[in-house]
Amino acid sequence: MIDSLDLVIDTIVAREVLDSRGNPTVEAEVLLEAGAIGRAIVPSGASTGAHEAHELRDGDSRYMGKGVTKAVNHIEDRIAPALCGISSLDQASVDGTMQELDGSDNKSSLGANAILAVSMATARAAANGLGLPLYRYLGGPMASLLPVPLMNVINGGAHAANNLDFQEFMLVPHGASTFRESLRMGAEVFHTLKGLLSAQGLSTAVGDEGGFAPNLTNNDAAGDLLIQAIEKAGYSPGKDISLALDVASTEFYKDGCYAFGGGSYTSTEMVNELEKLVDRYPIISIEDGLAEDDWQGWALLTKKLGKRIQLIGDDIFVTSTKRLQQGIDQNVANSILIKVNQIGSLTETLQAIDLAGRSGYTSVISHRSGETEDTTIADLAVATRAGQIKTGSLSRSERVAKYNQLLRIEDELGTQALYAGATGQGPRGRS
């Protein structure tokens, strides 16, 4: 029998490690009284929303200013003394203590990267102390739904040095009957796409998230290539595999207009352009179709397309219950992207997912472009029954690590495992 005292936090250590772009990030280890340990590494984004929690960097000559020794020191000098002696099972108390210690609105004092590393490591330590997998510890007995992957196979925008304006062109294999099958379908299309690019003399080098980053004439050319790859791989576009976009429109929004593809568009014109894409391609999800503070544009987009497809708010919501509630009140979007480092604690992340679910919004658990071998988000997707996950392409080990963890979870669940695509709990379908 496990003694509750065994699950009390005894020691917390931190270190500076590297992410998938070669930039420093924070790793934390939480050791419990009985010896159980939890380790977590935080990710980092390239296209970050202005309203995200503050990622603390050193700003000195090391690593071109991107070192995180300040955040590491905050963990060992300030956070550890405050948390030692607290039960690892009380996640809300652990996270609340760190937020009070920080004292700012956006975690700029201690750094969201410091707080999140400890938050995630604490949950994993508690799970290990109880002898439970993380998804079961966080989600309880109902944690059995495997997510539909949104696979970013063509990278553009801030994620690639090419001429594509939109940031992500994704495959959505919702027609599979299991997660394992969905992964195979995506991999087969990925390799087929590589062959098509190579045959046209286009680059098959990959971007930050493992997708190809070719120079194409325009965004439509990317859509055409994906349809061709899906069909050549033996699948039916829209039935077996649909498409999803991350427009990341904040990146090209300036002075009230959207500048891309050689043109300049008002919010209304931008909505019309997106509607044309939905009419032309089997697109079932669009992320950040409008900029992070273009609330009126977002409302129009939702009115026009909200009943046809999933409209994900990333930069506009930044995993914040406050901003999500504002969106709910204004009928903006119908889905929220969940990035743990946008808000900076596991407790607040779970609160955002809960609010979304109670309000009829879907949640899409997401990686960042600067990732690591940490697989917490895979467990989080199953724990929360989110039904969707964005964790990159079918290459680069920091992306594949999450897919492999989901395969392990599916195997462990056995006959209890459900695939969100097969149960209708994945992305919203087309009407």
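The backbone N, Cα and C atoms fix where each Cβ goes, and this holds for glycine too.
Under the heading active site, proton donor, Swiss-Prot lists GLU209.
The annotation active site, proton acceptor is assigned in Swiss-Prot to LYS339 on the grounds of sequence analysis. In the three-state DSSP scheme, LYS339 (active site, proton acceptor) falls into the coil class.
According to Swiss-Prot, the (2R)-2-phosphoglycerate binding site annotation covers GLN167, LYS339, ARG368, SER369, LYS390. Secondary structure from DSSP puts GLN167 ((2R)-2-phosphoglycerate binding site) in coil. Summarising the environment of GLN167 ((2R)-2-phosphoglycerate binding site), the number of other Cβ atoms within 10 Å of its Cβ, over all protein chains shown, is 28.
If you look up Swiss-Prot, you'll see ASP246, GLU287, ASP314 marked as Mg(2+) binding site. Counting every protein chain shown, the number of other Cβ atoms lying within 10 Å of the Cβ of GLU287 (Mg(2+) binding site) is 27. Secondary structure at GLU287 (Mg(2+) binding site), taken from DSSP and collapsed to helix, strand or coil, is strand.
For the recorded site, ARG368 ((2R)-2-phosphoglycerate binding site), the DSSP three-state label reads coil.
Among the recorded positions LYS339, ARG368, SER369, the ones whose Cα sits within 10 Å of the Cα of GLU209 (active site, proton donor) are ARG368, SER369. Long-range neighbours of ASP246 (Mg(2+) binding site) (same chain, six or more residues apart, CB within less than 8 Å of its CB): ASN152, PHE166, GLN167, GLU168, MET170, ILE286, GLU287, ASP288, ILE312, ASP314. For ARG368 ((2R)-2-phosphoglycerate binding site), the number of other Cβ atoms no farther than 10 Å from its own Cβ, over all displayed protein chains, is 27. The active-site residues listed here are GLU209, LYS339; among them, GLU209 has the most other Cβ atoms within 10 Å of its own Cβ.
Cβ packing within 10 Å was compared across the binding-site residues ASP314, SER369, LYS390, and the lowest neighbour count falls to SER369.
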